[in-house]
Amino acid sequence: MPKQTNRKNEHVSLAEKFYPRQHSPFNDIQFIHHSLPGIDVADVDLSISVAGLIFSAPFFINAMTGGSDWTGRVNEKLAIIARECQLAMATGSISAGLKFPDMADSYRIVRQTHPNGLILANLGAGHSVENAQRAVDLLQADGLQIHVNAPQEIVMPEGDRSFCHWLDHIQAIVDNISVPIIVKEVGFGMSRETIQLLDDIGVDAIDISGRGGTNFAQIENYRRKDYKLDILEDWGQTTPVSLLEAGKVSLKTAEIIASGGIRTPLEMTKALALGAHLVGLSGEFLHLALNDIDQAITTVQQWKETLTKIYTILGAQSTPHLQQAQLILRGDTAHWCYARGIDITKYSQR
């Protein structure tokens, strides 16, 4: 088995191993309740347009896996969930499928299983325009995620060590690939400075993917055979903090996607109220797919119903209306805002 293929298996098994978590940074966010919602449940529309793509719900199956026989089977299960629940889905990085043609089917299975679905391809920022086009063609993808994951690469024993051309590569892909381009972190969050740079080069969407969910520093550290780099396992900004950072940027082209440690409809709603246009979930869907598929489908349908009910309580007929919902920020999230000059009162008094 090629090293890269074995690594893909290890990533999935370790993501499931480390799945439980103790504290959610979304506990720092609380909605202000108003007793007269002013709308009916029937008034709520969960569909949303992001980067020119129509999503039937404000959440989707975010990038996870592919590149081995086993992860191909996992991708098939995820695609079944996406198809039955009318959700969009992103694959994991397609680099293995480009390097090892016999592994390409572990990604193609997503389009084969969900032929009419909204599918996003995924590739690292170190790749060329040619590889980006190959990734899109492999899946007949509707959009392309470019992931940026410097801390993971540093901790990964066989990871990349050159990052100076990433922004140039992303710019070239934006300029030459016709589908929407989404730049995605992998669980380390983003600063306003990074978000500004990406918006300046014209990316269509930015997935801030904050700390709090699948921890690739922890996963890669577990894989290390020599000295450990566990001091980096808490690196990065949380998802709420990253969204608040994004709120300080006057975006010209990019729309914001939230992911990283989001596991419940209430946390989805909080992320959307903090400024996200769309929410991605990876670890939660992986956990569902590795267990009972029928139960997974039932759970996702329940999420949609619960979202509709929460929107109603908040008086929000659609996702954009959530960005008028009033929020109290506290704890570590509020401390971060104070240090970075982010006015938290604008969220409680809007």
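Each Cβ is built from the backbone N, Cα and C atoms, and glycine gets one as well.
Take the FMN site that TrEMBL assigns to ALA63, MET64, THR65, ASN122, LYS184, SER209, THR214, GLY261, ILE262, ARG263, SER282, GLY283: the candidate from SER35, SER93, SER95, SER162 listed for it is SER93.
Look at the Cβ of each of the binding-site residues ASN122, GLU153, SER209, ARG263, GLY283 and count the other Cβ atoms within 10 Å; the largest number goes with SER209. Spacing of GLU153 (Mg(2+) binding site) relative to GLY261 (FMN binding site) is 20 Å (Cα to Cα, whole number).
The binding-site residues listed here are THR65, GLN152; among them, THR65 has the most other Cβ atoms within 10 Å of its own Cβ. Cα of ARG263 (FMN binding site) to Cα of GLN152 (substrate binding site): a distance of 22 Å. If you draw a 10 Å sphere around the CB of GLY261 (FMN binding site), it holds 27 other CB atoms from the protein chains shown.
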